[in-house]
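Below is one structure, written out as structure tokens; comments come after it.
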Amino acid sequence: DDDHYIQQAVVFIEDAIQYRSINHRVDDRSLRLYRWYYSKLCQWCLGLTIAVVLLLAFVERPSSLSFSSDPRLRATHLNPVCGVTESVELLCLIIFCLDLAVKSYLIGWEEFKKNKWLISYMVVISVSFIDWMLSVSMVCDERLRVRRLIRPFFLLQNSSLMKKTLKCIKRTLPEIASVILLLALHLCLFTMIGMLLFAKTEDPEKNEEWSLHFRNLPMALTSLLVLLTTANNPDVMMPAYSLNRIYAVFFVLFSVIGTYCLMNLLTAIIYNQFRGYLLMSVQTSIIRRRLGIRAAFQVLTSHEDRQAAEQQVCVEAVLKVMTRVKMKSYYRAAIGTEIQQYADVGYMDREQFNKIFDELDKDRIKEHPPVPQYNSPVLQRLQEIFSHYYLTIFGNIVALANVLCIGTVLVLNAEKSIAEKDNVIMQVNTQHTLLIYQFMTLKLIYFQWLLLFLSKSNDGLLKSVMILPGKFVSRFKSNKIIDKMDPTSNNVISLWDMVSFINMLIVFRFLRIIPNIKLMALVAGTLLDLVKNLRAFAGILVVVYYVYAVLGIWLFEGVIKPPPEMLFPSNQTTENKTSNFSIECGTYEQLGYWPNNFDDFAAAIILLYDVMIVNNWQAFLDAYSRYTTGWSKIYFVCWWLTSSVMWVNLFIALILE
């Protein structure tokens, strides 16, 4: 019985450490299964399974396994044999079934019925199995695979941070929808005004604006929508502006109201709704931690004498629990130190029990290795010299000078072939810098030998090792030892250029000045914190990209086909190719956007990224509306609203928060 209570307390404290819910079974068998499920190995295998099932999209038909996505090159895609990817996917689905079964058993049937995520998990797995069986029965010849569209759900349901972020986005959507509706009204109003202003006239010379941008309602809407993103400014107004400068007022008013007022209003509204998201997320996590600690205290007191143990727990029991809890060693040491304060008394109350676990909320302070003590006066003096702050500044200056020298040589040799390059300056710089760094290796006197490579301050030895190949290469070059390797060989990169590139890595040494500049250190720290908090946002962005890429392949795979006269074998390049195919300036074809298509998953991801940037995205709108129908614009506008409007504004809100 005592061991059972100890095991319960261990699990509750581990729940508190990982911010997990304590709503699960607590019998012996379930606790063993629970700890196994949340072990590093099991969670790593589950994460690997999710990664594998998502990455299958790059290998499945249409495969992304080719050097280029340009349809003019007739590149051969390495499509796997039917059954290869399906076997891997079946294994992943079986693992997801086991995951669902374990989760459902641990929380119980009553909690399972309340958990919408687990119910959705079961539905997604069932649909995936049905679609998999259909795919196998059709010998992998089906065009639509529904399970590809719902695969990102496996990533979402496995992350509590993503679930919280989705909940926040759901709360923000009504306000976003109201502003987008206002933008739509603004766009429609100016579209009608524009069609009246630039109507077709009897004079053909005055119809250029009409023919290019306001010929019909869809064209006018598209032109002004693209202007809202400033991608076609000032091209869209130039024909009218060249006739009469007063027409510029129309376009300026549209941009000021739409781009500068409504779009920034959207940012403000999203931030207003998003404000407090991080605070609420932290509060929820802290509440879970406090509940776990309180539950551990409760079970430890439940098997003691009721009268004496209502508000106290035995120190010996707490120590026994801490020996079993899986946690980082420095937290274990800190909590152990706090527990020893109550060893003489033998008991601790609830407040004292909670206080010892406050160590979990503290950040670890990383300390430098201890400074060794020397008896020799000479070594003591050297230790004092090479630990001086000015020597660190000198090392930074040398690193910067080395990088500047290498950069100067690269600029001077930019237009020269490998055989024409003069590397004398580089050799001199390498040899002199090497001497300086070898001199700075004496800083190791300041540190213990065994901790030399663990220290951040052993610049000299590390940089000497990095720059040493350059010295040997320069010496070998002067002796004509490696002439056959450099510079007239047909290698992708010459040996000397490779060494120069390695030496350029010394620039990272100069990043050590950041902690010494207070404002720069503040900005750098903010960026690091931002990266930590961006994991959930990045995960959801991956999901959105994945879904839109699959939809794009369904809708537009193979629709853009270059004319036969532009096709040529994959072993030739597109340079110096002539064709009778007439192309209009500024179009998809004239700009050479052929590799941006939906013919495979990787190409679809890049195309979606290009549209998210919104630079020249009107070329994609125009091309796919010509090769398919005008309704294709809805897909690209929805992606623009999702990625560039909503997601970028959410990202700004996160930075402000």
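Heads up, residue numbers simply count up from 1 along the chain you see.
Note: Cβ is positioned from N, Cα and C throughout, glycine not excepted.
Sequence annotations record features per position, and here TrEMBL assigns transmembrane segment to 37-59 (among others).
The annotation domain 'Ion transport' is assigned in TrEMBL to 65-274 (among others).
According to TrEMBL, the feature transmembrane segment maps to 118-140 (among others). Within the same chain, residues 61, 82-83, 86, 89-90, 93, 96-97, 100, 103-104, 107, 112, 146-147, 150-151, 153-154, 157 sit at least 6 positions outside the transmembrane segment (118-140) and bring their C-beta atoms closer than 8 Å to a C-beta of that stretch.
Residues or ranges marked as transmembrane segment by TrEMBL: 176-197 (among others). Through the fold, the transmembrane segment (176-197) approaches residues 213-214, 217, 220-221, 223-225, 228, 240, 247, 250, 253-254, 257-258, 262-263, 265-266, 269-270, 641, 645-646 of its own chain, all at least 6 residues removed from its boundaries and within a Cβ separation under 8 Å.
Annotated transmembrane segment per TrEMBL: 217-234 (among others), in sequence order.
Sequence-remote contacts of a segment are chain residues at least 6 beyond its ends whose Cβ falls under 8 Å from one of its Cβ atoms, and for the transmembrane segment (246-271) they are 172, 175-176, 178-180, 182-183, 186-187, 190, 193-194, 197, 209, 224, 227-230, 233-234, 236-237, 240, 645-646, 649-650, 652-653, 656-657. What TrEMBL records for 246-271 (among others) is transmembrane segment.
Sequence annotations record features per position, and here TrEMBL assigns transmembrane segment to 389-413 (among others).
Marked as transmembrane segment by TrEMBL: 434-454 (among others).
Among the features that TrEMBL reports, transmembrane segment is placed at 493-514 (among others).
The domain 'Ion transport' annotation in TrEMBL covers 494-656 (among others).
According to TrEMBL, the transmembrane segment annotation covers 534-556 (among others).
Residues of the same chain lying 6 or more positions beyond the ends of the transmembrane segment (601-621) and with a Cβ under 8 Å from any Cβ of it are 57-58, 60, 62, 64, 69, 222, 226, 229, 231-232, 545, 548-550, 552-553, 586-588, 591, 593, 595, 632-633, 636, 639-640, 643-644. Taken from TrEMBL, the feature transmembrane segment applies to 601-621 (among others).
Beyond its flanks by at least six residues, the transmembrane segment (633-656) meets 169, 172, 176, 180, 218, 222, 225, 229, 263, 266-267, 270-271, 274-275, 278, 530, 533-534, 537, 541, 544, 548, 551-552, 555-556, 608, 611-614, 617, 620-621, 624-625 of its own chain at Cβ-Cβ distances under 8 Å. Sequence annotations record features per position, and here TrEMBL assigns transmembrane segment to 633-656 (among others).
Counting residues 6+ beyond its ends, the transmembrane segment (37-59) has Cβ neighbours under 8 Å at 14, 18, 20, 65, 80, 85, 88-89, 92-93, 95-96, 99, 102-103, 106, 148, 151-152, 154-155, 158, 326, 542, 546, 549-550, 601-602 in the same chain.
Residues 54, 57, 62, 143-144, 148-149, 151-152, 155-156, 159, 161-162, 164-166, 169, 597-601, 604-605, 607-608, 624, 628, 632, 635, 639, 642-643, 647, 650-651, 654 of the same chain lie 6 or more positions beyond the ends of the transmembrane segment (534-556) yet place their CB under 8 Å from a CB of it.
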